[in-house]
Ligand code: GLN
């Protein structure tokens, strides 16, 4: 029983359903694992042991009585700190929410609980999901399990590191411009950014509402597919939710590699040689299996980063206005005037990156500059969406590296925000277009650091992505072993 924590998602699921071990035994083993390695990884912002073990024992009871809530009853899942869990702290890794306990569950949380999942709150993140390295957390820096002097990616770095270091088999993250796919890539696991509107945002603390989506990260594809099938589907409490049923894996037709048309990119100087090499090796393999590779023109997507940062900062400046020390957020300077209370609560509560973005967003939304920046960015966003429509009129799926480099060193990019923003060069356009994309591990570099492939599909074609990823994974055996120190 000692090593249940080592199991990947599929093994956890089958072991629970065959009665090989109980949800309690599993949760206890994961707990030992967390206590042993998390002091080095720092993936969790708090240790909710009692809460977890109670949920696990309720699940054990249900299974013992032959009444599991579903085939998922007892499966542990990490929860990012910007997804509301009732009565639990939900701080978005920010000081301004340090005492915030959510009075309600996010829709995704409710759906997981209905099926019996055991929640493991709260994984670390960049403050309000703004960042690409998890270094913007107000509380701690999460490290990459493959090399603890490096970042795990961000902003869902806590979720990715927790999964990669076997502290949970699957976790939820959120992705506004790459925050599920990029950490998944840098930590050698699978991560899905679903089609915009397929997963409810109710109870996800908003960063940029027109881009944010919740999605799963897992060590194997099955975890991503299962969790997506549970959390997707119409939610009347989210006005941007699509009128669709939850994803049904049984209706998925399999995709054959033979004859499949795959859009590929020419490598640029921004992509590191080792990432480029792993990418081209996968393409060679696919070609040998009969896939047709079509080189696409990605030049228009080159503007995705500036468009993204105008839209995302504009939306965040508006969304974060509710944290004023009165409606939300810890209150400072009670003795001063009302204005002083606002100013001190926000000045003390927000970290430097969040402040930078509120300033940028307020500027681009201001009367004198709206047309020049925000208005133009919105028009350019439409062109990005059309560009993707053009791609998918020619190919079935688009393949790119997820991240231009493997995991960088802690502190390497913190003094230069533009360098940090460039970590998202291959992921932001996907959110602007609202299409689904997934990162999967395809190998590692000469230092043993994971490399990921991003597979992007047309709107609502998650099933096509899953089926392709399944065929591809079985051909490349992407299992990437952790170093001894953490294994
Ligand atoms: N790194 C990007 C940003 O800082 C994306 C973040 C995200 O997807 N939440 O905005």
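Count begins at 1; order follows the chain as displayed.
The backbone N, Cα and C atoms fix where each Cβ goes, glycine too.
Since this is a predicted model, take the numbers as computed values, not measurements.
TrEMBL annotations:
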type     : residues : note
ACT_SITE : 80       : active site, charge relay system
ACT_SITE : 155      : active site, charge relay system
ACT_SITE : 179      : active site, acyl-ester intermediate
DOMAIN   : 25-464   : domain 'Amidase'
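Known features from TrEMBL, placed on the structure.
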residue : record                               : CB count, 10 Å
80      : active site, charge relay system     : 32
155     : active site, charge relay system     : 35
179     : active site, acyl-ester intermediate : 36
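Taking 80, 155, 179 as the candidate active-site residues, the subset whose CB lies under 6 angstroms from any atom of ligand 1 consists of 155, 179. Rounded to a whole number, the C-alpha distance linking residue 179 (active site, acyl-ester intermediate) with residue 155 (active site, charge relay system) is 5 angstrom. In the three-state DSSP reading, residue 155 (active site, charge relay system) counts as coil. Residue 80 (active site, charge relay system) falls within a strand when secondary structure is assigned with DSSP. It is 10 Å from the Cα atom of residue 80 (active site, charge relay system) to that of residue 155 (active site, charge relay system).
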